[in-house]
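Per Swiss-Prot, active site, proton donor is recorded for Lys94, and the stated evidence type is sequence analysis. For Asp38, 60-62, 92-101, Tyr218, Arg236, the entry in Swiss-Prot reads substrate binding site, with the evidence type similarity to another entry.
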Amino acid sequence: MVSTKTYTTRASTHPSPVAQRLFHLMDTKKANLCASVDVQTTSEFLSLIDKLGPYICLVKTHIDIIDDFSYEGTIVPLLELARKHNFMIFEDRKFADIGNTVKHQYTSGVYKISSWSDITNAHGVTGAGVVDGLKQGALETTKEPRGLLMLAELSSKGSLAYGEYTEKTVEIAKLDKEFVIGFIAQRDMGGHDEGFDWIVMTPGVGLDDKGDGLGQQYRTVDEVVSTGTDVIIVGRGLFGKGRDPEVEGKRYRDAGWNAYLKRTGQ
């Protein structure tokens, strides 16, 4: 059953401080838009985020595709923009290894993801140890609250993430109510009758295009929100093909918010 509760109501009862903060932020900014900023230079990355910042609740990064990455040059100004525009950060790392390995991938190396990203995500393919490893890494490296999304479903054509795989991933999520805050999925993932209130974030959302020729399949904002999506993830629809990120940011923010108001009967 799709939740018709408001973000504020959900914030008041959610066990995760990360989810609480995100719900309050979305309500304050009247925005449930996550900008997926996949570009290869720090300057373009920061410039786009600065333009999109007023319209988003979350920025989604693939930090390892930035050619000139440095912590001081890329992450420090990203955190400044997050404070300036009041949005949270989601590193789309898609962890998929044993617990000890993902712990080090999350906390160490060049990127030190746990030190700056509010939210990250993981596949369920290696079992529940991936959750334990990431949670341990967060607790050992930062005093800031962190949250994890499990990859239950994907938007790409031919994805193997469906059926029993999705069901098993949901079972893994149930093992940690505070650290696992929700899913990357195409619809509501249930759990309400067991006391879970998972945040559903959905990629592959577009107001104009139906696909990209490389397997991506787009669904409309109204379509995904009406079936349980809480946060719409949009990338090239905001800045690709000569689009103006400020114009498109406002357009998608308004579309997402209006769909949320419709779902919650406001």
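Note: Cβ is positioned from N, Cα and C throughout, glycine not excepted.
Keep in mind the model is a prediction, meaning the values are calculated, not measured.
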Could you give the Cα-Cα distance between Asp38 (substrate binding site) and Lys94 (active site, proton donor), in whole Å?
15
Return the residues near the residue listed as 'active site, proton donor', defined as same-chain residues 6+ apart in sequence whose C-beta is under 8 angstroms from its C-beta, sorted by sequence, else 'none'.
Asn121, Ala122, His123, Leu151
Tell me the Cβ contacts of Asn100 (substrate binding site) under 8 Å, same chain only and six or more apart in sequence, or just say none.
Gly133
At 10 angstroms around each C-beta, which of the binding-site residues Ala96, Ile98 has the fewest other C-beta atoms nearby?
Ile98
How many other Cβ atoms are found within 10 Å of the Cβ atom of Thr61 (substrate binding site), counting all protein chains shown?
26
Let me make sure I understand the structure: which of the binding-site residues listed (Asp38, Asp92) has the fewest other Cβ atoms within 10 A of its Cβ?
Asp38
Any idea what DSSP makes of Asp38 (substrate binding site), helix, strand or coil?
coil
Other CB atoms within 10 A, centred on Tyr218 (substrate binding site):
20
Translate the DSSP assignment of Asn100 (substrate binding site) into the three-state scheme.
helix
DSSP secondary structure for Tyr218 (substrate binding site), reduced to helix/strand/coil, please.
coil
